[in-house]
Every structure is written in structure tokens, then in C-alpha cells.
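Before any comments, here is the structure.
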Amino acid sequence: MNDLALIGPILAAMFAAATPLLFAALGELVVEKSGVLNLGVEGMMLVGAVCGFAVTVQTGSATAGFLVAALAGAATASLFAVLTLFLLANQVATGLALTLFGVGLSALIGQGFVGIPLDGLPKLYIPGLTDLPVVGQALFGQDIMVYLAVAAVPLVHLFLYRTRAGLVLRAVGENHTAAHALGYKVLRIRFLAVLFGGAMAGLGGAFLSMDYTPMWAENMTSGRGWIALALVVFATWKPARAMLGAWLFGGVTILQLHVQGLGIDVPSQLLSMLPYLATVLVLVLISRDVARIRLNAPACLGKLFHPDA
Amino acid sequence: MNRRTMGKAVLGLAGAAVALSVGMGAGMGSAFAQEKLKVGFVYVGPVSDHGYSYQHDQGRLAVEKALGDKVTTTFVENVPEGADAERVIEQLAASGHKLIFTTSFGFMNPTLKVAKRHPDVKFEHATGYKRAENVATYSGRFYEARTVVGAIAGKMTKSNIIGYIGSYPIPEVISGINAFTIALREQNPKAEVRVVWVNSWYDPGKEAEAAKALIDQGADVIVQHTDSPAPIQTAQERGLWSVGQSSDMTRFGPKSHLTAIVEDWNGYYVDRVKAVLDGTWKPIDTWGGISTGMVELAPYNPAIPADVVKLADQIKADIVSGKRHSFQGPVKDQSGKVVIPEGKHATDEQILKMDWYVEGVQGKVPK
């Protein structure tokens, strides 16, 4: 078999593998831009995954499933928001606790849903375009969630940099005291940002349980929430770069499986490590430029705020 | 060699507390009526995994069904391999359990440690190799079922490429790949096996990605030695064949699922509990194959032609009768060197330490 013919399928698999990361990373990006660090992405993804799956099994409607997944993700995130924004709990500790909580809660909810199969989403098929060599399947043969994730990138960018609301959100993330002095409701803005992050993480999780591998299994996100967190820094808080990062990560993941299948003599443990290694490498390269990190990182990231203080 | 490590300490603790309290409650209630034997089970995963731990729990339920008037059973699920395991096993031993099954490879050393402290309690450890006065070991010859599956795959493949998803490159998995490949090429000398390691026992996303990659490289039968049904779903979506693992996974891909390698502990668990009740229990090592019922094949897909079913049944019968061995010589390694000479078959030790591929497997064993 001609190995070059594999490029098309690898590209197609890459976009799909990147989709859950992209959803979660975009959500977290907005959260961090508002000055909040929520490490609970993995937990919110899992809750979204199990709730979306459960609703789809009960109602037969994938639309309802994804809606509920977003709501469930947001609900989980609201717990974090109440604890850190209003009760001034430490964000790092609360985020970690949220992940542990999400793992347990999703397992509990999912008990009755293990071992139930589900049909995935239908794939797009445009005669002619989908049949194009190399890029056909990758660009015109995915399902709707893959396109939605990509469409969310310019939307998030436009919101952050071209709307007044986005400007205010960024202002809150840069200097919450000044924003507060100007009369902006810092806590309300952050609360909404955290909810958005939760909803996006929920969608990313639901993509896994309802489409990518249409079933529910405990802990099925297997660390993708943490990768999404790393991607936000990797992207220096820029939506388009987060997309590139997700593609890079997805691409290396898929590529290493193909390298193994072709029998190329590289240790599989090293190959499994490659996507993470690539992420670390890029992080190191970016971090060398301290000025750029400072310029892009929200200045109030992770700092607590109390309006009366 | 088994089994996965899952970072579910929190769940494990909660599970342990619940299961233990239930078990102790039941034990206290019955202690006055008649001294019932308390039997404990320790699982690495959730009993709802419909795979490895689920099959062990089916064995526990079989014990309750067969000997419910003489025994009570307790189980603890989601026990991480390591320090936590020792605490859970110790708790079971301290709370009056006289027979304890620890069902994962990583429970080996914790089991032995606790066994030393409780000489009056009997222990059974799955897939390990260390025994003691009061510790027996047991495992299944799963490679025998892979011989049957290999023959079926050899008949069903059209592309002559088989995709094989491996968990970790340990002897249990490698001997499975080899047994499969030998039988595959006996039916179809042109067929080859491509292996992808995912370095996990249970990661649906990664298993699906591996299946996709293998299919994109031309594989039309996907075999897995990982526990999630994701590869079956992927094969079904692409209209290709697959083979399940641990339990019958037909419902995840009714059109795709050829059969599955099924672990069945029911008979063994009932026998061992009986032995304790009779006072005939001994710390032996049991390595049971298809003939003992420990290893089974899930019902064949109706789409498999009758002559292939007949062939598979014949191979199964020959393995049971001892006429056929999964590693019957001559067996050549990848370089063409004869490792197991004609007229001989691999010894148990050779199988338990297998770290090389037979001819027909692509790529190298990761070191």
C-alpha cells in the first residue's frame, strides 16, 4: 500500500482527535482571560460526557444531549465559581478538587449507563467534495461538532477583541481593581466566563462520549482536560493558536499510531510520549520569550478579588 | 501478567467503605445462626466495566448462587494497585474473611504481605506467580482462545492485513499475538499482523484512534487486547470485522463482532470455595485453558460461513483434547530462526516469558 495515501486519513483523524481539546481549550481560554484559573476542566468534561450520553440514550436526541452536556458542564463550573469568586477559596486547590469531584460524580451518574452502545453523529457527505483526494475526507467528511469547534475559534476571537463585552472581560482579567473602580461588576463577569468555560468543557466531553467513541466509560477523557489546560498557555491565550495547538497535538497522536502500524522501529512508549513531548517543547520555546508571556497572560490570572477590599 | 493501574484512589476509598460496611453487616447478622464462611473479592476496576472486573464479579455471584447457604461474599471495587490495595486486603482479612480473592496482577505483593500476617486466612491471587503456605495463584490460558480467533480471522480477511491493538508489551499480550498469528497464517500464509500499542488497558479514545489508524493502513479485521469496546464500534462504523476482549461485546457492533475471548471464573471460584468448606484447599497454581471453561469464546457472528465455524470448533476441540497446542513446533521467529522445533511445543515457562514475535508479525517488540 502506498504510504502517501495515508495522508488523507491521517488528516481526517487529526481534526476529529483535536475537537474535544479545542472545545475545552477555547472555554478555558475565555475563563483565564477574565482572570480566573480553573483547573477543573477534566472534571467538567467528564460530567458533560456522562450527562450528554445519558440524555441521548433516554431521548434519542443528540441535540438534547449536547445541550444538556453544556448545561451540566456549566453547572459543575458554577460550583467552582461560587467557591472561588464569592467564598474566596483558593483557585488552584478548588480547581483540582473540582476535577476529583467530577471524576467521582460522573462515575456515579454513569453507573446505569455503562455498556450501552450509541450511534455516533452522521458524517457530512458532499458528492464531489468529500471524494476529493487527500483533503476531501478531512475537510468535507466530518460531523457537525468538528465544524462547530472550528467555527467557535473566530467567534471567540471576535468576541474578545472586537466587542465591548470582550474588552470589559479582558479588562477584568488584566486589572480587576481598576475595572471595579470603573463600575464593572467583576464578579458577575467572571461568573459568566466560568460558566462559559464549563459549557465548552461539557461539549468537549460529550463529543467523546456521544460521537468519538459513542459509549460511556468511567474516566473516559483520560487526561484530555489537562492537555486543554496546557494548550491555553501553549497558545499564549490566542484562540487561533489554541486551534493550531490542538491540531498539532491531535496530529502527533494519530501519527504515532500509524508509525507503529507501519512497523517502523521506534519504541512505542516513546511514541506515546511524543504528543506530550511536543507540547512541553513548544511551551519551553514560548517561555523563553518572557516579554511575550507577560504581554499576553492576563495580569490578574488566579488572583482573588473582593469588591469591598 | 496483568492489570491496569487506575488513579481512582478517591473512588476506591469510598467503594471500600461501602462494600465493607455491607459485608460486615451481613456477617454479623448470620454469625449467631450458623458460622458462615466469609469470602472477599478485590477488584481493580468497577464491576460495571462489562469487562475484566465484571467477569470476576460474575464469578462471585456464581459462588453466592451455588453456596449461598454456607457463605457470604464481600467485594471491594476500584482498588488501585499499590499501597491502597494492602490496606483493603488487610481490612478484609481483619474483618473475618477466611478466603480472599485478589484479582489483579498488581495485588501480588500486597496479597503476600497480608497473607504473612494472617496465616489462618486463605488467599487466591489472579495472574501472579508468587505463592505461599496460604496463597494460591490462578490464571487463564487466554492464548488458546486466540488460536481459534486467529483461524477465523485467516478465513475472513480479504486484505490480508490484521490490525492488532495491544495494551502493554508483556508476555501475556505477546503470547496472545503469537498464538493468533500462528493460527492465522496456517489458514492464510499471505496474511500479516500489524500491532499498535496504546500503553493503556482502558482508554476508549486512544483505542478508537488505534483502530482507525490500522483500518486506514488496510486492516480489515481488528483484534484487541485492551478492554474497551471502542475498537468494535470503530470497525462497525467502517463495515469491517473485529474481535472482542474479556466479555461478549456483540452489542457494540453486531455486524462487526466476530466473537470475543471471554474470561469465565465461575467454575473455578465455586470449586475453590467448596475446597475451603471441605478442608481440602491447597496453595496450588492453576492455569486453566479452554478445557477447564476458564477461557471461552463468545457466540460466533451469524455472518461467519458454516465451514469456518466448523473449522473453529474443530480447533477448539483439538485444543481441549490435547491434540493441538497453540505453539506447536516448528515455530519460527521474525528472522526465520526456528525457536520451537518440530514435534515439540512451547513449555509453560517459554509462554510465560515470551518476549519475541513469530514470523508474520510486523514491527519489533518494544523493549
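Any Cβ shown, glycine's included, is placed from N, Cα and C.
Note that the structure is a prediction, hence the values are computed from the model and not measured.
Residues or ranges marked as transmembrane segment in TrEMBL: A:6-27 (among others). Within its own chain, the transmembrane segment (A:6-27) has Cβ neighbours under 8 Å at 41, 45, 133-138, 141-142, 145-146, 149-150, 152-153, 156, 196-201, 203-205, 207-208, 212, 221, 224-225, 227-229, 231-232, 235, 239, 242-243, 245-247, 249-251, 253-255, 258, counting only residues six or more beyond its boundaries.
Residues or ranges marked as transmembrane segment in TrEMBL: A:39-58 (among others).
Residues or ranges marked as transmembrane segment by TrEMBL: A:64-89 (among others). Here the transmembrane segment (A:64-89) has long-range neighbours at 36, 38, 40, 43-45, 47-49, 51-53, 55-56, 95, 98, 101-102, 105, 145, 187, 190-191, 194-203, 205-206, 210, 304-306, meaning same-chain residues at least 6 beyond its ends whose C-beta is under 8 angstroms from one of its own.
The transmembrane segment feature in TrEMBL is assigned to A:96-118 (among others).
The annotation transmembrane segment is assigned in TrEMBL to A:138-160 (among others).
Note on the transmembrane segment (A:189-208): residues 19-24, 26-28, 30-31, 33-36, 38, 41, 44-53, 65-66, 69-78, 80-81, 85, 145, 149, 152, 168-169, 172, 220-221, 224-225, 228, 305 of its chain, located 6 or more positions outside it, place their CB under 8 angstroms from a CB of the stretch. Positions annotated as transmembrane segment by TrEMBL: A:189-208 (among others).
Long-range contacts of the transmembrane segment (A:220-237) within its own chain (CB-CB distance under 8 A, at least 6 residues past either end) are made by residues 20-21, 24-25, 28-29, 32-33, 39-46, 49, 99, 201, 204-205, 208-209, 213, 244-246, 249, 275-276, 279, 282-283, 286, 292-293, 296-298. TrEMBL lists A:220-237 (among others) with the feature transmembrane segment.
The annotation transmembrane segment is assigned in TrEMBL to A:244-264 (among others).
Taken from TrEMBL, the feature transmembrane segment covers A:270-286 (among others).
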Which residues of the same chain, at least 6 past either end of the transmembrane segment (A:96-118), have a Cβ under 8 Å from a Cβ in it? 38-47, 49-51, 53-54, 56-57, 76-77, 79-80, 210, 214-219, 225
